[in-house]
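Data block below; observations after.
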Amino acid sequence: MSDTAVADTRRLNSKPQDLTDAYGPPSNFLEIDIFNPQTVGVGRARFTTYEVRMRTNLPIFKLKESCVRRRYSDFEWLKNELERDSKIVVPPLPGKALKRQLPFRGDEGIFEESFIEERRQGLEQFINKIAGHPLAQNERCLHMFLQEEAIDRNYVPGKVRQ
């Protein structure tokens, strides 16, 4: 081994790792889970909501933990706001499942458990991809989506300042 390779290796091992370093909280983290789907309403006014729980230590977020209820149309709103105002490429949402909404189906359509679970997983992937993007983390609409009980659809778009 060359002298520079040995010196580089020595430099990596300069500080021994203790249990706090190994098992303590990561320096920066952002965890978002979507869970507990609930179908509410009847007939044409029936829809499914999901709990969106966020935990973070990123200083850009005013709350370190939040839990809000969102429906699919709220995710559509967020996607449209980000596409309109930000410079990031917004991933697609899970599909609308138009065929599942046709009347006189033999199953529950969009209210079938397997479909709700599939959509929940897709929404969780969607929100984690967006929230993990450094530019999206500055968008006011993302903060409102994750941390406000109600979404103010008349808000003024902009960046969040630390």
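Going from the start of the chain as shown, residues are counted 1 onward.
Any Cβ shown, glycine's included, is placed from N, Cα and C.
The region 'Disordered' annotation in Swiss-Prot covers 1-20.
Residues or ranges marked as N-acetylserine by Swiss-Prot on the basis of a large-scale study or a structure entry: S2.
The annotation phosphotyrosine is assigned in Swiss-Prot to Y23 on the grounds of a large-scale study or a structure entry. The Cβ of Y23 (phosphotyrosine) has 7 neighbouring Cβ atoms from other residues within 10 Å, across all protein chains displayed.
As annotated by Swiss-Prot, domain 'PX' applies to 28-152. Looking just at the domain 'PX' (28-152), the mean pLDDT is 90.
Applying an 8 A CB threshold to same-chain residues 6+ apart, the list for S73 (phosphoserine) reads F47. Per Swiss-Prot, the feature phosphoserine maps to S73.
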